[in-house]
Amino acid sequence: MDGLFTAPRPMKISNTLNTSSTITGFILLGFPCPREGQILLFLLFSVVYLLTLMGNGSIICAVSWDQRLHTPMYILLANFSFLEIWYVTSTVPSMLANFLSDTKVISFSGCFLQFYFFFSLGSTECFFLAIMAFDRYLAICRPLHYPTIMTGRLCTNLVVSCWILGFFWFLIPIIIISQMSFCGSRIIDHFLCDPGPLLALSCTRAPVIELTSSTLSSLLLFIPFLFIMGSYTLVLRAVLRVPSAAGQRKAFSTCGSHLAVVSLFYGSVMVMYVSPTSEREAGMQKMVTLFYSIVTPLINPVIYSLRNKDMKHAMKKLLGT
């Protein structure tokens with residue numbers, strides 16, 4: 001989600017590939033290297049993708065099959081894992097095809113479909129992290145009222161709201177950008193269709209679209225983030241009032257996994273946000289995007305499985321060990 005925050009920097013790539021004034025497709029550079037390197041990257045990311053699908057799929061199966069996990073906390077976790085599967089799927093399959101392609105070309109429609117789904121799923125993830133923090137706040141700060149507040153109906157409504165908000169948040173800017181005319185080089189120095197390079201390829205500057213996108217991105221990042229921090233501030237205050245050390249450890253263990261996931265996701269996204277676009281190298285931009293869009297969906301199932309006794313038990317039961 002990095003390219004929406006600030007005005008795009010000019011591409012530092014030669015325009016020798018430009019043969020027409022109007023663009024009908026784009027060239028995704030990805031990770032330029034010799035053919036052997038492309039094959040190695042293909043194998044590496046194929047393994048990462050399969051492990052991500054297996055890890056998040058295992059959490060979904062464990063929550064579905066273990067009756068003890070049919071609680072709002074784990075239902076939200078299963079939905080989050082389902083989201084992670086689609087989030088990584090929005091980028092990795094096209095990246096794998098790009099590694100084996102000689103032309104590195106992505107169609108206009110394919111580029112904007114990827115643009116839409118990647119940012120919509122990323123937006124949905126921000127909202128999911130916020131409602132998961134809200135669930136932990138209710139469980140720890142309002143334990144007696146938790147069953148009556150966090151009902152199955154409320155849990156379902158929150159999940160549906162996250163998906164709807166996520167898929168409508170950037171819809172209008174994406175539609176407007178897709179209607180713009182693009183001139184100059186067809187090259188996008190990224191492994192996905194990022195709005196920064198896309199706007200840099202437009203025939204005319206669109207300050208209103210840039211401002212709108214930047215504002216929506218700021219709201220998307222900071223409103224859920226401040227909500228999460230506020231929730232955990234109240235949780236921390238409540239935990240410190242617990243008289244027994246065992247009770248404190250249990251509370252911290254319950255929240256630790258979610259805090260670790262929040263730190264990984266928001267930490268990497270914030271790096272892109274606070275770093276001025278003009279000072280970011282394309283390599284760093286790609287690496288940080290790679291981390292929050294591909295590495296974190298791989299790590300998240302490990303974090304939730306290792307730090308949660310119920311989830312570990314369900315995983316062992318699922319695997320028959």
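Backbone N, Cα and C atoms are what each Cβ position is placed from, and that goes for glycine too.
A quick note: this is a predicted structure, and the numbers were derived from the prediction, not measured.
Positions annotated as transmembrane segment by TrEMBL: 39-62, 74-95, 115-134, 154-176, 219-240, 252-275, 287-306. Taken from TrEMBL, the feature domain 'G-protein coupled receptors family 1 profile' covers 55-304.
The stretches the transmembrane segment (74-95) and the transmembrane segment (287-306) are in mutual contact, each linked to the other by at least three Cβ pairs under 8 Å (pairs 6 or more apart in sequence). If you take every residue in the domain 'G-protein coupled receptors family 1 profile' (55-304) and average the pLDDT, you get 86.
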